Amino acid sequence: MKPSPQFFLAAFLSLILQTGICYGIKWIALSKTPSSLALNQTQHCKQLEGLVVSQVQLCRSNLELMQTIIQAAREVIKTCRKTFSDMRWNCSSIELAPNYLLDLERGTRESAFVYALSAAAISHTIARACTTGDLPGCSCGPIPGETPGPGYRWGGCADNLNYGLIMGSKFSDAPMKMKKSGSQANKLMHLHNSEVGRQVLKASLEMKCKCHGVSGSCSIKTCWKGLQELRDIALDLKNKYLSATKVVHRPMGTRKYLVPKDIDIRPVKETELIYLQSSPDFCMKNEKVGSHGTQDRQCNKTSNGSDSCDLMCCGRGYNPYMDKVVERCHCKYHWCCYVTCKKCERTVERYVCK
């Protein structure tokens, strides 16, 4: 029996509900903003790529923030590529912003990581910009209430995490709070993962100190609260990516909640990344599912990790090639005070997947 038009319509609507495309990370396209765009007038906000209406409005009312947010978008791309350089999915599709492939358009494990990282990055970059004096609307973070130990004193300029979280979340969460921003399940998932990113950022705030004293004795330490580098935050989020939980949107009482798919009904943990759609293995190129494949990717023959030739090449084998490396050698220290080196060339064997 031939399926009816109503069947195809229902299937189409079901697909929309499953994928639930959301615009939450399209702002990463700000990384492509030309340096020639001064961003000193409100009409410039309309020229920025990847923003929804509410983000354009935030741009107009917070022009001084936009260069910092543009820098955050660039940091997201650089950090994601570096963090996943040894994995089959190497975050290369993030550079297609705002026109992502399905690996980031659907509610996948990969999109969970990018949402978390982008939320952490924008707050991190704003908090640091306050410290360096790049933003007129904020300054150093507050001095902690607790008394430091003997030989320590509060000073320096703390990263303004509170301001970074407030302004960063206003901007990065704005698309998910629109009425037309995909299915309710996807909005809940993206907001959850963004909050996980900010939690990891908050947990990275640590005491940093500088020594003072006669002849380097370090008799007194001036300390402040500072955030870890974004690359360290990304590594924590990568571990959460590897252990992410698949969820479903299930009725519980009078409302629907995201709950783990394969576990007895329980609330989703606030500290775990979650996803709705399973990902492919990313072995073969298939743009329909956002997979670039691993053909011609470099692999490590001696590694036991994710960059090993066995895992990276998905059992297809690999080809060796010789690569010339130029490096500094025969370095000498000269009094006083400089070092001279020669340049040496050596040949190393590398491997790429078939």
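In case you wondered, yes, glycine gets a Cβ from its N, Cα and C as well.
Values in this document were obtained by computation on a predicted structure and should not be read as measured data.
Checking the candidates CYS130, CYS138, CYS157 against Swiss-Prot, the cysteine paired with CYS140 through a disulfide bond is CYS157. Between CYS344 and the candidates CYS329, CYS331, CYS353, Swiss-Prot records a disulfide bond only with CYS329. Of the listed cysteines (CYS209, CYS211, CYS283), only CYS209 is recorded by Swiss-Prot as the disulfide partner of CYS223. Rounded to the nearest whole angstrom, the C-alpha distance between CYS130 (disulfide bond) and CYS336 (disulfide bond) is 39. Checking each of the disulfide-bonded residues CYS209, CYS218, CYS331, CYS341, CYS344 against CYS299 (disulfide bond) by C-alpha distance, the shortest gap belongs to CYS344. Its own atom aside, the Cβ of CYS331 (disulfide bond) has 9 Cβ atoms within 10 angstroms in the protein chains shown. Distances between the Cα of CYS218 (disulfide bond) and those of the disulfide-bonded residues CYS309, CYS313, CYS344 are shortest for CYS344. Taking CYS80 (disulfide bond) as the reference point, the recorded positions whose C-alpha atoms are within 10 Å of its C-alpha, out of ASN90, CYS331, CYS336, are ASN90. Candidates CYS138, CYS223, CYS336 (disulfide-bonded residues) were compared with CYS157 (disulfide bond); those inside 10 Å Cα-Cα are CYS223.
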